[in-house]
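Copied over from Swiss-Prot, here are the features:
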- 46-66: transmembrane segment (TRANSMEM)
- 88-108: transmembrane segment (TRANSMEM)
- 127-147: transmembrane segment (TRANSMEM)
- 153-173: transmembrane segment (TRANSMEM)
- 181-201: transmembrane segment (TRANSMEM)
- 217-237: transmembrane segment (TRANSMEM)
- 251-271: transmembrane segment (TRANSMEM)
- 297-317: transmembrane segment (TRANSMEM)
- 322-342: transmembrane segment (TRANSMEM)
- 349-369: transmembrane segment (TRANSMEM)
Amino acid sequence: MGLYTESPDRITQEEEANIGVKNQPRATTSIASDRSQILKTRNWWICIFVCSGFVVTGRVLSTLLLNYYFIQTGRDACDDPKQFKGTWLQSFLQNAAFPSIAFLLLLWRSLFSTHGETQSSSSFGKLFLLYISLGVLFSAYSQLYAIGRTHCVFFFWIFTTQLIFTSIFTAIINKHKFNRWIILSIVLSGVATGITSSDDAYYPCESEGWKMSYGAWCSFFGTVAFSLSLCIMQLGFQKVIPKTESRVSAVMLMQTNASMIATLICLVGLFVSGEFKDIKEDFETFKTGKPLYVLSLIGLSLAWQVMSLGLVGLVCLASSLFSNVVSFSATPVANIFVVLAFRFMDDDIGWFKGGALLAGILGFASYVYSLYKAIKKQEIASQTELVRV
């Protein structure tokens, strides 16, 4: 009897049923939204580790092939005048494999693009300025690093300051927030690179003071240019690249256009400097034969492009700082492969290299844990907001 008693404090069966029907779409939408978010997060993590794999693979292969190139051309000898030459060729090769990325971009768009992208004239102007800026920076740090690693015995230590510049630039340009895990990651990955220096084939012998000073300044400005390029990339993804563009397409588009501009600049430098004349001599005198000379240059260019694609992908997915941390964490891995492949000066895998590898792994893991905590925090916030609604 009380079941049918009208009271403001009670809800009738009919009203309760109506409320249940009204809440069904909301519950269904919530479940679908949760599943979609879980899928997006899982795909994001997969992309993070794939891009990190690109960076490590590209770093290892490029280091091995660059050592191989220096040995086979005789540039590893201290008394060889060619030791300080070929910097424009190196910077050219570092960017020249962009057609391979352009092909992948066209293939991706033909398979997965559902509609054509339209851009306003103002958007086109911003994109043009972005790609020009990145292309100039790409060519600058490619050439400066090529000079630095062949002229300065302290190259690796100066190279380590790249993390400091990236941290400063990303805090100013990208408003990046730091926490203890990110700071720990920066320290560990910096240590990993700082103590892993070895006698590579392109490692300079003791030379005149002016050459050492010249190489040191080139290394320094190269770190500034590289750090700035990463932060400008992140700004481009945040402010310039259209939101309708897929992440994969945006990454390949940025890498292709910036590398194309850098290649043109380095090609001009190659001819203006006269270094193009040395290519024929290297081709004729390559110790393992002409075919392997061509294959080594192609492989070196592709390896650099794979690493660059991974770096740009990490900037898009996470941040410029994380991209740099992964690059530094990969250095000990590349160094160990160099020791295994060439055994320079009876070098072996000792405590320093083992410690550097461990520091690199822990530095990478520390930043990944920071990303994991940030994602969990976002999920909790979104769930709380959904409950309020």
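Just so you know, glycine gets a Cβ as well, placed from its N, Cα and C.
On a predicted model such as this, the values are computed, not experimentally measured, just so you know.
Ranked by number of Cβ pairs under 8 Å to the transmembrane segment (322-342), the listed stretches 46-66, 88-108, 127-147, 153-173, 349-369 are led by 349-369. If you look at the transmembrane segment (46-66), the same-chain residues 6 or more away from its ends with a CB under 8 A from one of its CBs are 90, 200-202, 247, 296, 299-300, 303-311, 313-314, 317-318, 323, 326-327, 330-331, 333-335, 337-338, 341, 364, 368, 371. Stretch with the largest number of CB pairs closer than 8 A to the transmembrane segment (251-271), among 88-108, 127-147, 153-173, 217-237, 349-369: 88-108. Same-chain residues lying 6+ beyond the ends of the transmembrane segment (349-369) with a Cβ under 8 Å from its Cβ atoms: 48, 52, 181-182, 184-193, 195-196, 198, 322, 325-326, 328-333, 335-336, 339-340. Distant neighbours of the transmembrane segment (127-147): 86-88, 90-91, 94-95, 119, 159, 214-215, 218-219, 221-223, 225-226, 228-229, 232-233, 236, 240-241, 254, 257-266, 269; these residues of the same chain sit at least 6 beyond its ends, with a Cβ under 8 Å from one of its Cβ atoms.
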